[in-house]
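According to TrEMBL:
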type: DOMAIN; residues: B:147-210; note: domain 'CBS'
type: DOMAIN; residues: B:211-267; note: domain 'CBS'
type: TRANSMEM; residues: B:293-313; note: transmembrane segment
type: TRANSMEM; residues: B:325-346; note: transmembrane segment
type: TRANSMEM; residues: B:366-388; note: transmembrane segment
type: TRANSMEM; residues: B:395-420; note: transmembrane segment
type: TRANSMEM; residues: B:432-455; note: transmembrane segment
Protein chains: 2
Amino acid sequence: MLEENENIQFQLTDELIEQVELLIENQNDKELHQLLDEFHHADIAEILDELNLEEAMYIIKLLDSETTAEILMELDEDNREKVLRNLSSKEIAEEVEELDTDDAADIIAELSEERQQEVISHIEDEEHKEEIRELLAYDEDTAGGLMAKELVKVYDTWTVAGCLRRIRGQAEEVTRVHSVYVVNKQEKLVGRLSLKDLIVAKNEQKIADIYISSVDYVNEHDEAEDVARVMQKYDLEAIPVVDDNHKLLGRITIDDIVDVMKEEAEKDYQLAAGITSDVEADDSIWELTKARLPWLLIGMFGGLGAASIINGFSDAMLRYPALMLFVPLIQATAGNVGVQSSAIVVQGLANNSIDGKILSRLFKEFLLGLVNGVAIAAIVLLISHFVFGTTYKESLTICIALIAVIIMAALIGTFIPIFLDKKGIDPAVATGPFITTSNDVFGILIYFLIAKLIIGF
Amino acid sequence: MLEENENIQFQLTDELIEQVELLIENQNDKELHQLLDEFHHADIAEILDELNLEEAMYIIKLLDSETTAEILMELDEDNREKVLRNLSSKEIAEEVEELDTDDAADIIAELSEERQQEVISHIEDEEHKEEIRELLAYDEDTAGGLMAKELVKVYDTWTVAGCLRRIRGQAEEVTRVHSVYVVNKQEKLVGRLSLKDLIVAKNEQKIADIYISSVDYVNEHDEAEDVARVMQKYDLEAIPVVDDNHKLLGRITIDDIVDVMKEEAEKDYQLAAGITSDVEADDSIWELTKARLPWLLIGMFGGLGAASIINGFSDAMLRYPALMLFVPLIQATAGNVGVQSSAIVVQGLANNSIDGKILSRLFKEFLLGLVNGVAIAAIVLLISHFVFGTTYKESLTICIALIAVIIMAALIGTFIPIFLDKKGIDPAVATGPFITTSNDVFGILIYFLIAKLIIGF
């Protein structure tokens, strides 16, 4: 139980890394043990992430499997993959035996199909093996994929005293007991109890008389994102998972949900920035290029589309060169407005705070675009006339085009995410370069069309 | 204890709202009670958010303060403000008495200075009053601002049996017991115990013999973001807060940290999209304009800056009109690359996974920019030549400018967030329109300078 450490102020310093590397080089196992035993497994994982594979393997082999199993869970995904590749199936099975079923299944799921079967066949605890098999069948983005089989379960026919006695047995396997789940003879979830309720209750009371029948739960096939939303909304620390017949299958704890939320937020942020797969600053140039180039290419085709449009109006451009000066302004404004509108809609959709009335929402964006557009156009009118000396018609063109482009960008930025959401596509893909690019092209087209109307070329 | 409800599938339908509105209109209190008693307070808050103020006040006055206090906590901030304005100081004090100290302090902190004193003076429970005063003194973004005073505390000299007896008393006030904190005679935190450990232990054992001395904790002045990082890293569900002398002051639970993380993620996302204050899709046009116009104005000045640059090269533009076609492409590419680079750095900084070596990071971005730049320039070279019929020198200009601009944008996008972070400014402000705008302007300048060099005008 010494797994939690007081080293809140743990600092991953170069000195520490050097010290560890030196101890490994000298094969000074005793001092390595002394040093690492002080740290939380999450801290040791941070150290391992900084070492080379050979050094990391040295430490993995040195420490006992109870510790290394937890370290494995905390390693950077790329590094975990490398370490697992250097362990035999039997060794992985030993690690996995130490983990809760949800973590065990997560590790095994990262292996190849063939390796998965090998590792599972080496797991000695038959129950653990069966439970891991069960969990591996779920999609990782569902409640079933998140849940652990470890939980404390009591039958409604038991007494408080009997309960406490049996819980002592069950609880040893469960790292943290949030709630005690109450089931009936058919193993169906009927309610819950907190340990506190049990402690406060009298020994001879029946569970049936004291349990709380209103209990939040999710279905095994519910999406991870929905589970996160429910747990957050109702401030839950754990939630039981049931099947369609209401049979209790497992439980999901808040620490896993925190990870889901974090990944979700990072993914949305990266999508908004035009990064298509999960990358980190320390990934290789090749991986970063794979994640970044696709959006740059979309932006490139947008830019070439804009070039075609300008090319189509090239005669007008030569006669009214002042118009060309404001192409970047039109383009930048369209992009900025579109990103703003889409970000607000994407967040609203994620929080379930946007209802179905698309038309009223678009009308609001229209008004908002009008307000912002008039404000910006007024300033640009003054500057274009007095600084750049544009003619009356040119100034009018720029101002009307700005207002039109801002309204268009706001409408597109609002409509596309709502549309994608209705089609079952993650609206987060709509923000960032995608909206920016389409708004760039439409914005420039609108600008020249309005110029044609007003100036008449 | 019926506060948690099984209505996972709670759906806020128009029918439900209409039903509630009708019951309010008919003052049918009995049926309203029957209907609302079925729902979790977070669900009732969602209903109230859809009603007008008068209707919401009707329900607030109808339900008991235990329920309404929790509802208040869950209301949309704007709506809570309105409801609080319609309650007397005495009524607010009654609500606040029902809440844990951390929630109570959060509600009171939203009131004016004068109103705060009035409300506090109406709180009858002297201990609650004193504790709320203590919490109000903290900055809301610190551990002290997040903690609750409610916790279960035992002295290391007690026995397990004595402990259980006393815990029964303390626990009734604490909604959820995560850990039992062990203190010595000087009230200093020395360790922790889980309820499970207590249940598993023998009655006559001394706490001093069974407690776990390694306990994570945070200092009262630690930043909320750091607390969130620690709790997430070590998978904690609650963490004790101590003062500089290690005296136990309170505890922070994971549900509050989940809220901190969510707000942080939403803020970063909005900043990346150029939205300067926390707004939602349902806010007023005026509020949305206040949040959106500042960045649009910055973008506007950037656009006008670009206009000046083009104006400075207007002679060249008239002689080589083909160059003008590619201004949008240069601008869009610079913007996209800058946003990508800054997003990766901002996330790396948030995850503490970026260390101090700025130069090596910039060099990596340089290489990455070179790879991406060459790939895009090669495609543009073909298209510009064969589709737009640019001359050899014009094509060369476009390609070299693209590569240079991509590298520049990657370097600026990487450098600015790291620089801001070193200066203690939230690097998230650097993404979005800020980077886009500066890259737009620099990109266009670089383009024309390279054109001048190669074509020689």
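These residue numbers are counts, starting from 1, taken along the chain as shown.
Keep in mind that glycine also has a Cβ here, set from the backbone N, Cα and C atoms.
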Secondary structure content, the domain 'CBS' (B:211-267) (per DSSP, counts of residues):
24 helix, 16 strand, 17 coil
Stretch in B:293-313, B:325-346, B:366-388, B:432-455 most in contact with the transmembrane segment (B:395-420), if contact is a CB pair under 8 A:
B:325-346
Counting only pairs at least 6 apart in sequence, do the transmembrane segment (B:293-313) and the transmembrane segment (B:432-455) share 3+ Cβ pairs under 8 Å?
yes
Residues of the parent chain within Cβ reach of the transmembrane segment (B:432-455), under 8 Å, 6 or more residues beyond its termini:
271-274, 295-296, 298-299, 301-303, 305-306, 309-310, 312-313, 316, 320, 323, 326-327, 330-331, 333-335, 337-339, 342, 393-394, 396-397, 400-401, 404-405, 408-409, 412-413, 416
